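Enquirer: For reference, the structure I am asking about is given below.
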Amino acid sequence: MYDWLNALPKAELHLHLEGSLEPELLFALAERNRIALPWDDVETLRKAYAFNNLQEFLDLYYRGADVLRTEQDFYDLTWAYLLRCKAQNVVHTEPFFDPQTHTDRGIPFEVVLAGITGALKDGKSKLGVDSGLILSFLRHLSQEEAEKTLDQALPFRDAFVAVGLDSSEMGHPPSKFQRVFDRARNEGFLTVAHAGEEGPPEYIWEALDLLKIQRIDHGVRAIEDERLMQRIIDEQIPLTVCPLSNTKLCVFDDMAQHNILDMLERGVKVTVNSDDPAYFGGYVTENFHALYTHLGMTEDQAKRLAQNSLDARLVKP
């Protein structure tokens with residue numbers, strides 16, 4: 001079944017480039033940039049990938065991202081991910097990147113962007129993988145900081161298809177970022193946002209009504225609010241769900257409890273994605289395979305999930 005799932009044409013709509021930094025590449029970049037790491041070797045680092053919640057993961061994620069310093073580093077990171085896409089028949093990807101993670105460390109915005117977009121261009125020409133880049137604001141920082149990031153992005157507006165919102169969800173509701181999302185939309189950007197991963201259904205309502213998003217990233221807690229579920233079904237608002245991430249971060253205690261197939265059967269346009277695959281133990285095919293192994297996903301359900309991902313692209317073919 002793994003090979004069949006791997007061969008299925010699919011899109012990935014919820015992937016953080018910084019979260020695809022595999023331990024081997026992390027160590028190679030640290031050596032290249034002469035950065036001391038707190039881990040002795042790759043295996044020690046892998047053992048650190050045990051998280052009780054989103055914040056524990058984020059602490060390690062930001063520590064790992066510190067090895068990304070040069071345009072070549074960002075190219076290598078993105079290219080390694082695109083090779084995974086090619087190997088798993090991900091024909092289209094819409095990855096996030098977090099400029100603030102890097103500009104706050106003194107890395108110029110244009111250096112980050114040049115490395116990523118250079119790789120995405122080569123991914124199209126050399127691998128046949130289409131893409132659209134999403135600039136994501138960090139919600140644990142202020143709206144004013146997000147607006148500065150938007151200002152930095154405007155000279156490069158053609159490089160992005162959308163703006164998004166990620167990082168620590170609890171205590172940082174979408175309403176905190178209404179003004180910057182209004183500005184982004186006025187500048188012609190589409191909008192998406194993480195909501196309803198650890199946060200309550202109210203955060204999803206806010207993302208829809210205040211940020212006017214095209215797609216909900218995560219959204220698994222929508223099932224707790226029947227009126228919200230009905231709206232998502234009626235309006236066919238896509239959800240970019242990340243099963244392995246949800247279990248690694250204890251959103252669900254184990255995969256057998258995951259609600260993605262329940263949502264699919266109720267008519268929700270759910271999709272399967274890997275989120276931060278280097279940290280959560282699998283890329284898109286591994287996420288599909290986990291649903292087959294633990295939830296008994298059928299071939300028909302897998303085809304519908306894959307088709308949903310292709311239908312939910314912001315960049316249309």
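Cβ coordinates come from backbone N, Cα and C, glycine included.
Keep in mind the model is a prediction, meaning the values are calculated, not measured.
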Enquirer: Let me know which member of His102, His172, His194 Swiss-Prot also records as binding Zn(2+) at the site of His14, His16, Asp275.
Expert: His194
Enquirer: Check each residue in the chain of Asp276 (substrate binding site) that is at least six apart in sequence and keep those whose C-beta is under 8 Å from its C-beta; list them in sequence order.
Expert: Leu15, His16, Glu18, Gly19, Ser20, Phe57, Tyr61, Ser245
Enquirer: Report the same-chain neighbours of Asp275 (Zn(2+) binding site): residues 6+ apart in sequence with Cβ closer than 8 Å to its Cβ, ordered by sequence.
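Expert: His14, Leu15, His16, Gly19, Cys242, Leu244, Ser245 - these are the non-local Cβ neighbours of Asp275 (Zn(2+) binding site), listed in sequence order.
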Enquirer: Between Glu197 (active site, proton donor) and His218 (site 'Important for catalytic activity'), find the distance joining the two CA atoms and give it rounded to the nearest Å.
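Expert: Between the alpha carbons of Glu197 (active site, proton donor) and His218 (site 'Important for catalytic activity') there are 5 Å.
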Enquirer: Whole-number answer please: how many Å between the C-alpha atoms of His194 (Zn(2+) binding site) and His218 (site 'Important for catalytic activity')?
Expert: 6
Enquirer: For the recorded Zn(2+) site, whose residues are His14, His16, His194, Asp275, find every other residue on that chain with a C-beta no more than 8 angstroms from the centre of their C-beta atoms, and list them by sequence position.
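Expert: Once His14, His16, His194, Asp275 are set aside, the remaining close residues are Leu15, Gly19, Phe96, Asp166, Asp217, His218, Thr240, Cys242, Ser245, Asn273, Asp276.
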Enquirer: Just counting, how many other CB atoms are there within 10 A of the CB of His218 (site 'Important for catalytic activity')?
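Expert: I count 27 other Cβ atoms within 10 Å of it.
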